[in-house]
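Colleague: Structure below; questions to follow.
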Amino acid sequence: MAVLLRDKHISYLHDIGNRTDELDFWLKEHLHVSAIYWSCMSFWLLKKKDQIDKERIVSFLLSCLTESGGFACYPGHDDHITNTVYAVQVLAMLDSLHVVDKDKVASYIIGLQNEDGSMKGDRWGEIDARFLYSGINCLAILGKLDYLNKNTAVDWLMKCYNFDGGFGLCPGAESHGAMVFTCVAALKILNKLDLIDEELLGWWISERQVKGGGLNGRPEKLPDSCYGWWDLSPLAIIGKLDWIDRNQLIDFLLGTQDADSGGFADRKEDATDVYHTCFSLAGLSLLQFPNIEPVDPRFCLPLEVTQKMKL
């Protein structure tokens with residue numbers, strides 16, 4: 001079995017935050033808040049939370065807070081539910097939720113919920129299961145789940161439930177690993193997991209493991225290291241992690257590491273990025289790989305954080 005290149009990954013994480021003299025850094029303004037979450041989670045999972053620059057990160061996140069109560073990806077951009085949940089998750093990790101008006105953020109989120117229970121990503125109206133999950137995740141962290149119309153939210157989530165046991169991004173859409181995570185985790189947070197067939201769901205997820213040990217997002221697709229989180233977390237939520245080959249998946253994930261520069265890629269020998277680094281490490285955490293911080297499969301937050309917040 002390959003080894004986890006811990007020191008390489010720590011150096012990689014420090015390096016990606018200091019590339020301000022590179023054009024690529026500025027071309028990815030739309031990913032800055034997301035990248036902060038992925039980086040902070042990676043530091044936590046590697047048991048190096050003390051190396052997170054808390055003051056710098058909190059200051060930047062506050063510069064992304066808009067008058068509406070939501071967060072933008074970068075100062076001057078529009079707010080969006082995805083940036084809002086990532087910002088709130090980071091503030092929770094850094095024990096800094098007190099710097100925002102929780103009621104105002106919660107009101108912003110509820111303003112995105114539609115009458116049918118779904119949730120818009122922003123004022124422009126795009127609807128997606130990921131957005132509803134993000135709102136539920138965020139409200140739970142803020143202690144404001146009572147703001148949510150839970151009945152309509154659950155009804156809409158169940159409309160995304162498919163005959164094969166999986167979930168799509170909207171009613172009638174094909175089952176997909178990432179949507180399975182968002183819907184299953186949302187139902188778990190809302191204590192409504194009894195509405196689904198866990199045996200059928202476990203079958204659908206276990207079918208995502210392919211030759212070589214990796215997981216894909218849907219049938220006939222290539223494996224990708226990020227599905228070590230998206231597929232595995234709902235399997236953890238329903239208590240069926242033993243339905244996949246643990247050792248083969250670990251070998252696949254470790255095989256996507258860059259032995260020279262650190263970081264994880266989607267597949268072996270591809271370019272690394274902080275997104276795949278975060279979710280590969282989160283997957284290894286669910287697999288109880290040695291010396292990695294335990295993760296909460298509902299929130300993709302360190303278990304220490306969610307336990308402290310009594311989530």
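Cβ atoms are placed via backbone N, Cα and C, with glycine included.
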Colleague: Would you identify which residue of H176, H276 Swiss-Prot lists as part of the Zn(2+) site it also attributes to D224, C226?
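Modeller: It is H276, as the record lists it for that site.
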Colleague: Between Y227 (geranylgeranyl diphosphate binding site) and H276 (Zn(2+) binding site), how many Å separate their Cα atoms?
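Modeller: Distance (Cα to Cα, whole Å): 9 Å.
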Colleague: Near the repeat 'PFTB 4' (197-239), which residues from the same chain, at least 6 beyond its ends, have a CB less than 8 A from one of its CBs?
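Modeller: Residues 164-166, 174-178, 180-181, 184-185, 188, 245, 247-253, 256, 264-267, 275-276, 279-280, 282-284, 286-287, 297-298, 300 contact the repeat 'PFTB 4' (197-239) from elsewhere in the chain.
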Colleague: Enumerate same-chain residues with a sequence separation of six or more from H176 (geranylgeranyl diphosphate binding site) and a Cβ-Cβ distance below 8 A; give 'none' if the list is empty.
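Modeller: Spatial neighbours, sequence-distant, of H176 (geranylgeranyl diphosphate binding site): G166, F167, G168, L169, G217, R218.
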Colleague: Using DSSP and three states only, what is Y227 (geranylgeranyl diphosphate binding site)?
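Modeller: Helix, per DSSP.
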